[in-house]
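Asks: According to TrEMBL:
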TRANSMEM  24-47  transmembrane segment
DOMAIN    40-289  domain 'G-protein coupled receptors family 1 profile'
TRANSMEM  59-81  transmembrane segment
TRANSMEM  101-119  transmembrane segment
TRANSMEM  140-163  transmembrane segment
TRANSMEM  199-224  transmembrane segment
TRANSMEM  236-259  transmembrane segment
TRANSMEM  271-291  transmembrane segment
Amino acid sequence: MGGNQTSITEFHLLGFPIDPRIQMLLFGLFSLFYIFTLLGNGTILGLISLDSRLHTPMYFFLSHLAVVDIAYACNTVPQMLVNLLHPAKSISFAGCMTQMFLFLSFAHTECLLLVVMSYDRYVAICHPLRYSVIMTWRACITLALTSWILGVLLALVHLVLLLPLSFCGPQKLNHFFCEIMAVLKLACADTHINEAMVLAGAVSVLVGPFFSIVISYVHILCAILKIQSGEGRQKAFSICFSHLCVVGLFYGTAIITYVEPQYESPKEQKKYLLLFHSLFNPMFNPLIYSLRNKEVQGALKRVLEKERTS
């Protein structure tokens, strides 16, 4: 890190400038949300691994989404909880860069996984007879690995462009974790290229994939309306509604934060939107899937019954 002429060795995260009593309340609430995130996504992973009926492409991708959500939360929430208890505690420059890189990697990967999951549902509903031929395990593994690799590479591009910048003060980072736009504001150098790359990256992994998902679900909706069986139509609607809830929550907050012009929304508003994005989305994902998906509910019942009888 010494070769980038950085005089700052640490950052002070401002977090939430509120009354200490409210900070303790938030610490308790966010700790519960964090525990629910780990338990919910961990339960999804456990059910998928234990129940052979869930060994299908859809749940294979769902397991990867659960891993991303766990990693997503573990990367940012502990730092936020520490800052609520110790507002003056700082984070090292190397730690900040690592946290930013991991956040971008997981965010990009989740964007791509959601696209892959929409493609899986498109093939399953619009081309059911060809589903087993198209969505082979080799194809599923390739799609999942591609999502992870591209997610890491895109984050690496931002990191490589950011490290040569000089950071000469102030040390105060107006965020609850090392978010890339907040970090760029502290650089005492021209950051237009960095900001342009953030916007380009956001458009490529948010706007483009979002519209591809919308197009997929337009075709899916048309196919669902043609299903003769009421039960089959209800099952298809249930699965697709779950996915659309996740897509709406994830892409909605991210597009407002990174694609909307900076002057359209106050900085504090975008900071709290990103709080929702990084804290609540990983918690909501398993809740949405488990509450709206009868297969997951059935798998949970079978596992619990097996535990009782053993």
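We number each residue from 1, going along the chain as drawn.
Cβ coordinates come from backbone N, Cα and C, glycine included.
Describe the structural context of each listed feature in the structure shown, including burial, neighbouring residues and relevant distances.
Replies: Long-range contacts of the transmembrane segment (101-119) within its own chain (CB-CB distance under 8 A, at least 6 residues past either end) are made by residues 58, 61-62, 64-65, 68-69, 71-72, 75-76, 143-144, 146-148, 150-152, 154-156, 158-159, 177-180, 201, 205-206, 209, 212-213, 216-217, 243, 246-247, 250-251, 254, 278.
Listed by sequence, the residues of this chain that lie at least six past the ends of the transmembrane segment (236-259) yet keep a Cβ under 8 A from its Cβ atoms are 58, 65, 107, 110-111, 114, 117-118, 121, 125, 181, 198-199, 202-203, 206-207, 209-210, 213, 217, 220-221, 224, 227, 265, 270, 273-274, 276-277, 280-281, 284-285, 288-289, 292-294.
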Asks: Are there three or more C-beta pairs under 8 angstroms joining the transmembrane segment (24-47) and the transmembrane segment (271-291), sequence spacing 6 or more?
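Replies: Judged by the Cβ rule, the two regions touch, with the required three close pairs present.
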Asks: Near the transmembrane segment (59-81), which residues from the same chain, at least 6 beyond its ends, have a CB less than 8 A from one of its CBs?
Replies: 13, 15, 27, 30-31, 33-34, 37-38, 41-42, 44-45, 48-49, 91, 99, 102-103, 106-107, 109-110, 113-114, 116-117, 120, 140, 143-144, 147-148, 176-177, 246, 278-279, 281-283, 285-286, 289
Asks: For the transmembrane segment (199-224), what are the same-chain contacts with Cβ under 8 Å, counting residues 6+ beyond its ends?
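Replies: Residues 108, 111-112, 114-115, 118-119, 121-122, 125-126, 154, 157-158, 233, 236-237, 240, 244, 247, 251, 254-255, 258-259.
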Asks: Determine the mean pLDDT over the domain 'G-protein coupled receptors family 1 profile' (40-289), rounding to the nearest whole number.
Replies: 85
